[in-house]
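What follows is one structure encoded as structure tokens, with my remarks underneath.
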């Protein structure tokens, strides 16, 4: 059997055919890695510099923001003697948001009171308590003051102030049911209360105060039926309980009464809303601060007259400043 393929003898392979028999030649090529260390270092340096610049601008912005807000926020720390026990207290006034915050005690005995003058709400919370309390507050209508005497209260810093209680002082008792819709409350009050149920507080007058109020109404009733010849600009109406450390002051039908010492103008003709004084926000005639304590109690559901309708009272104390200083702080003039 003959083979169709032709065989080439080895001896007939010439030099020109050697290149077809030798293995292919490889050229040495230097290949640079895709991620060069120099390039990575440059990228890292750019990232670090950019981050440092951002941090620098952030720090500068935060500094100026803090510096701007610091001009409108005032803090003072003091001590208060309550029933012979010394407790720390602090007061913070936020002029921008019309907020006033008082803290008394520490730990399980801490009480926090936030006065939201913009919305007319006061929030009170006790440490370890299961409820948060709110009550109606006067909306601060800051009057226009031409010249204000700048009163320094540096003496209040670190001072020990006695907290005096009156037997017949006003008592605040929580209602039976919590607030269902809290959308009307400000973010500061909601932050204070957190997840606790919120209860309205209603004023409760002891028997002695109720008797005095009835006598005031009875005595003032004849004066409303006849008009005297020389009548002052403001007629006295039913009495309203004043601040805890001062005697009762009758409420006024008109905003100013020259016969009422709490409405007398001070040295530089500075006038204030009388409700600021009546609600215990500040003291019109005072030249120095004083303490004001209020009792927050739980309803008992018993007979209405005192003391059968409340229980479990706790105290929340604060410092009442002179109205001239208080208004000046809110206006940012001190």
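Glycine residues also receive a Cβ, built from the backbone N, Cα and C atoms like all the rest.
Look at Swiss-Prot and you will find 46-66 tagged as transmembrane segment, backed by sequence analysis.
Look at Swiss-Prot and you will find 105-201 tagged as domain 'BRICHOS'.
Under the heading disulfide bond, Swiss-Prot lists 132-193 (among others), citing similarity to another entry as support. For residue 132 (disulfide bond), the Cβ neighbour count at a 10 Å cut-off comes to 25, with all displayed protein chains included.
The region 'Disordered' annotation in Swiss-Prot covers 212-270.
Taken from Swiss-Prot, the feature N-linked glycosylation site covers 243, and the record attributes it to sequence analysis.
The annotation disulfide bond is assigned in Swiss-Prot to 282-286 (among others) on the grounds of similarity to another entry. Reduced to three states, the DSSP call for residue 286 (disulfide bond) is coil. Under a cutoff of 8 A between CB atoms, and with a sequence separation of 6+ in the same chain, the neighbours of residue 286 (disulfide bond) are 320, 321, 322, 323.
The annotation disulfide bond is assigned in Swiss-Prot to 283-323 (among others). All protein chains considered, the CB of residue 323 (disulfide bond) has 23 other CB atoms within 10 Å. According to DSSP, residue 323 (disulfide bond) sits within a helical segment.
Classification of residue 293 (disulfide bond) by DSSP places it within a strand. The disulfide bond annotation in Swiss-Prot covers 293-317 (among others) and is backed by similarity to another entry.
Using a 10 Å Cβ-Cβ cutoff, residue 313 (disulfide bond) registers 14 neighbours. Taken from Swiss-Prot, the feature disulfide bond covers 297-313 (among others).
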For residue 297 (disulfide bond), the one of 132, 282, 283, 317 that lies nearest, given that the disulfide-bonded residues are compared by Cα: 132
Rounded distance in angstrom between the Cα atoms of residue 282 (disulfide bond) and residue 193 (disulfide bond): 25
Cβ atoms near residue 193 (disulfide bond) (within 10 Å, other residues, all chains): 22
Integer average pLDDT (0 to 100) for the domain 'BRICHOS' (105-201): 77
Surrounding CB atoms that lie within 10 Å of the CB of residue 282 (disulfide bond), all protein chains: 24
